[in-house]
């Protein structure tokens, strides 16, 4: 049985731990902070054998060197082949190596190229779990630091086509702020209203809203629904000079991202 556990880091990051019971060897996804990972390993008598990286930002990679030293340079470190990240031992690209396996973990991992947040961002799928870094958030998506709106929309559409039951393990607890924006653009979405209430209740108990699911994100995430009639109407109302424009999905997505950046 594959168990996935969150380690909290910084203000809102999640570092994901993958463990196939009954093994005590584990992998971590996007360890921006080595100290919290080491504390978790030692508290649970686990051995770190590998790291999975989604992109180059320091809050996702900052702990790699220290973890390598802690593990006496015995780690396998997977990450995107076209981003400059120190410590990667196994560079990955979905076209060249769409699938691979991990020691101590059952089943194959699928690699997805999901540029947008960064130029070389990748995601991982194993069984019913998606590790998508800063591409897809619950109720939102990542800022476009290096990619184009077209790239990000294509990446999100690729993720949205995964099976509905797929659990979404993103890297940040941004859900409440994302849902506040989502409700501003899609206020009559009953599924969104219900989810917002559940998310508020979880956060009041200091519980994570993650993982989400692909099914839920299809229903409530405005960045997966940029052509929805109400969302298009909200965009045109917000950008009043476009009130008579014909917006395709890319145009709507581009304006949604611009709106969210200044929300």
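Using N, Cα and C of the backbone, Cβ positions are placed for all residues, glycine too.
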Listed in Swiss-Prot for the Zn(2+) 2 site shared with 59, 60, 172, one of 103, 134, 194, 206: 134
Any further residue of that chain within 8 Å (Cβ to the Cβ centroid of 55, 57, 117, 134) of the recorded Zn(2+) 1 site: 54, 56, 60, 118, 121, 133, 135, 142, 145, 171
Near-site residues: Zn(2+) 2, ref 59, 60, 134, 172, CB cutoff 8 A to centroid: 13, 30, 32, 55, 57, 133, 171
Packing count at residue 172 (Zn(2+) 2 binding site) (other Cβ atoms within 10 Å of its Cβ): 20
